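Inspection log for the structure reproduced underneath, given as C-alpha cells.
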Amino acid sequence: MDSFISTFHIDWKILIAQAINFGLVFLLIYFFALKPIKKIMKERTDSIEGGLTDAVKNAELLKKTKNEYEEVLANARIEANTIFQEGKKEAEDKKRVMIEDANKEIGEMIEKGKKSLESEKTKMIEEAKNEIVSLVVKATEKLLESHKDASFDEKTLEQIKKM
Amino acid sequence: MSQINIENQIGEAEAVNTVGTGASEEISHESTLYAEPIGHIGNFTITNSVFTTWIVVLIVLVVTLAIKIKAKKIPKGIQNGFEIIIEGAMNLADQVTGSKKITAKVFPLAFSIFIFVLISNWLGILPLGGFGLIETTEHGKAFIPFIRSGTADINTTLALGIMSVIGANIFGILSIGVWKMFNKYVNVNAFGEMIRKVRKEPAILISAPIMFFVGVLELIGEFAKIASLSFRLFGNVFAGEVLLMSMSAILAYGLPLPFMGLELFVGFIQAFIFSILTLVYFTIAAQDHDEHEEHNEKDKSTHKEQALV
C-alpha cells in the first residue's frame, strides 16, 4: 500500500482539494446552468402545453357553440314551423268556421227566401184564386144575365159545380 | 516508468522560464506518473493537475455565468446548444436509469462529472505543455509544465471515484433505507431466511451462506468500482499524454495532430464512460433486490397461471 501511495504520489490534501474543485464545478453547473435552463425549459414546455390545451379547449368551445347554434337554429326552425302550422291550422279553422257560417247564413237566407217565396206564391195563388173566383162569379153573373132560363140555369149550375 | 526527454521543447521551456537558468545545461522533461508540484500555499502543494483543475473551475464559472445571465425563454446561440445537449443527455440518462425520477436526482451529478472530466481531459491535450517551470533537481534541470490534465493525476480520479461510489451508496440509503442497504453487503436476512425456511426448503442451508458471501463480494466490489473508475480514467488520459509527448519527440510538426484528434475522442469517451457508470451505480444502489426478486417470482407465477389457463 505504501509503495502504491508513493508511486502514484497519493496525497490526501490534493485528493480533498480535487474533490472540492469538483464540488465547485457541480455547484456552478447545478445552480448557474442546469437549474435556470431546466426552469426555462419547463416554463416553455408549460406555456406550449398550456397553449395546446387552450387551443383544444377553444376548439371544443367552438364546436360546442356551433352545436348550440345549430341546435338553437333547429329549435327555432321547429318552433317557426310549429307556429306556422298552428297559424295555418287556426286560419283554416277560421276559414272553415267562416265558410260554415256563410253556408249556414246562405242556407238560412235561401230558406228564408224560399219561405217568403212560398208565402208569396201561396198569397199569389190565393189572390189568383180569389181573382179567379171573382172572375168566375162575375162571368157567371154575366152569363146568367144573358141566359135567363131554368134549364140553362141548372145545366150551368152543374157545370159550375163541376168546375 | 518511462522517461522521455523532449529536446524540441527545451527552447520553448527556456522561453517561459522566469528564473533564468542559462542555455548551456540540458533540461530534461520527465513524463511522470504523478502530478508535479509547481508551487505552495502554506503546507498545501499546488501540483500542475490542481492548477489545471482550477482552470476547469474558471472555465465552468465563466460559461455557466454566461448561460445564467443570457438565459431567456426564447433561446438564442449558446443557450440553444446547451439546451440541445441537456435534453439529449437527459434522454440518454433516462434510458440508462429507466426512471425519470432517478434521472432527475442523479443527472446533475453525472452531467457535472462529464463536464469536469471532459474539460480536464481536453485541457491536457491543448498544446500548452511548453509553458512551465525549470527546476533544478539532483539529476539536473527539469522542465515542469504548468498544464497537466487533471485526470492524468490519480488523486483527481480517485477523488471522483470515491465520490461517485460513496454518493451511490448514500443515494441507495435514501432510496431503499439503511437496513436494506446494509443487507446488501452483510446479508443478515439470508441467515434469518435460513432459520425460517430450513424445514420447508433444506437447500437453503447451502444457498444462505452463499448469499451472505455474495454480500461480502458486493462490499469488495464497491472498492473495485472505485479502483476501476479511477484507474481506467487515469490510465487512458495519462497514456494519451505520453502518446502525444512521444509523437512530439519523434516529429513535433504535424505528426501529433491525428493523435490529438484521437485523444480528443478518447477524452470524450472516458468522460462519457465515467458519467454513465456513475449513473449505473446510482441506479443499482436505488434498486431493492428483495422487491426485484419478489416481482420476478410474481411474474413467474403469473406466467404459470396463464399457461395453465
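Even glycines carry a Cβ here, placed using N, Cα and C.
TrEMBL entries are annotated by machine, without manual review.
The annotation transmembrane segment is assigned in TrEMBL to B:51-69 (among others).
The transmembrane segment annotation in TrEMBL covers B:109-134 (among others).
Taken from TrEMBL, the feature transmembrane segment covers B:154-182 (among others). Taking Cβ pairs closer than 8 Å, the transmembrane segment (B:154-182) reaches residues 33-35, 47, 49, 53, 105-106, 109, 113, 116-117, 120, 188, 222, 225-227, 229-231, 233-234, 274, 277-278, 281-282, 284-290 in its own chain, all 6 or more past its ends.
A Cβ distance under 8 Å defines the sequence-distant neighbours of the transmembrane segment (B:203-221), meaning residues of its chain 6+ beyond its ends; these are 183-187, 190-191, 193-194, 197. Among the features that TrEMBL reports, transmembrane segment is placed at B:203-221 (among others).
For B:233-255 (among others), the entry in TrEMBL reads transmembrane segment.
Residues 93, 96-99, 102, 105-107, 109-111, 113-115, 117-118, 121-122, 124-125, 151, 160, 164-165, 167-168, 171, 225, 229, 232-233, 236-237, 240, 243-244 of the same chain lie 6 or more positions beyond the ends of the transmembrane segment (B:262-284) yet place their CB under 8 Å from a CB of it. What TrEMBL records for B:262-284 (among others) is transmembrane segment.
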Contacting positions for the transmembrane segment (B:51-69) when only residues 6+ beyond its ends and CB under 8 Å are counted: 38, 78-79, 82, 115-116, 119-120, 123-124, 146-150, 156
Residues from the same chain, set at least six apart from the ends of the transmembrane segment (B:109-134), whose C-beta lies under 8 A from its own: 9, 12-19, 21, 27, 38, 48, 52-53, 55-56, 59-60, 86, 89, 93, 141-152, 156, 160, 164, 167, 233, 237, 240-241, 244-245, 260, 263-264, 266-268, 270-272, 274-276, 278-279, 282
